[in-house]
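See structure below.
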């Protein structure tokens with residue numbers, strides 16, 4: 001840079017080390033691997049980066065035509081004409097009219113059946129496996145619901161007593177009392193539970209619902225039999241029923257000396273039959289007081305007299 005003033009042109013070609021930095025490198029005599037120019041204080045000499053080696057990657061497969069389309073192939077749905085719409089509208093109106101007619105017919109029949117005293121009894125109890133009809137809250141008058149609920153409790157109490165009786169007799173059979181008493185206990189349960197429902201509970205339910213005097217008489221007849229059975233089972237003397245087939249006080253006393261556990265079971269059965277007897281006596285007392293106080297007794301006598309007169313003629 002010696003001999004050059006500060007006013008000289010740095011891009012002017014000349015001899016020595018004065019080089020135009022923008023001149024073609026091929027016209028210079030420098031080597032291909034080095035830079036043939038110097039750029040002064042603001043230029044740095046850098047080597048050009050070499051090209052990356054060629055890779056042998058297989059090309060990607062072509063994308064399907066609907067790759068970026070989230071919708072499936074469109075389906076051509078023919079639009080209904082106005083004639084088809086009118087036809088369907090007429091069909092719907094005809095079906096609606098038919099349903100309204102059937103609904104009115106069913107309602108008319110239900111009202112006629114209700115006026116005649118006929119009530120459809122759908123099975124609704126127990127809720128998990130309906131086997132009987134029992135809707136005290138909706139069908140029984142409010143002033144009679146308490147008595148009906150207690151009567152239903154006495155029905156459930158009888159079922160519980162007979163089921164516990166099977167357990168106790170099974171324990172006695174295991175201890176050597178023989179299979180005969182077990183079969184008798186099963187027979188008591190199979191006949192007693194549905195018999196109690198059909199012979200006295202359902203007549204009482206219908207009598208409370210419709211206030212029928214004859215149904216009250218049917219209830220009194222078989223409910224007295226029910227009370228007599230409960231009292232007999234609580235005592236359980238060996239007169240009518242065989243041996244220890246009922247969990248009464250007498251079998252409990254005879255078993256407590258030989259097998260304590262079986263004796264305790266029989267004493268529990270004795271207590272359950274006693275409670276069932278007391279509850280049943282309360283129910284029949286309440287029903288009888290209502291029966292006499294509401295005039296159903298005189299009505300039943302009149303109906304019985306009319307029935308006897310019709311039978312005589």
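Every residue, even glycine, has its Cβ placed from backbone N, Cα and C.
Model, not experiment: these values are computed from the prediction.
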Which listed span Swiss-Prot calls coiled coil, if the choices are 53-84, 85-116, 117-148: 85-116
Segment assigned the feature transmembrane segment in Swiss-Prot (from 27-47, 216-236): 216-236
Maximum Cβ pairs under 8 Å to the transmembrane segment (255-275) - stretch from the list 149-169, 181-201, 216-236: 149-169
Residues of the parent chain within Cβ reach of the transmembrane segment (149-169), under 8 Å, 6 or more residues beyond its termini: 134, 136, 177, 181-182, 184-186, 188-189, 192-193, 196-197, 201, 204, 226, 230, 233, 244-247, 262, 265-266, 268-269, 272-273, 275-276, 279-280, 282-283, 286-287
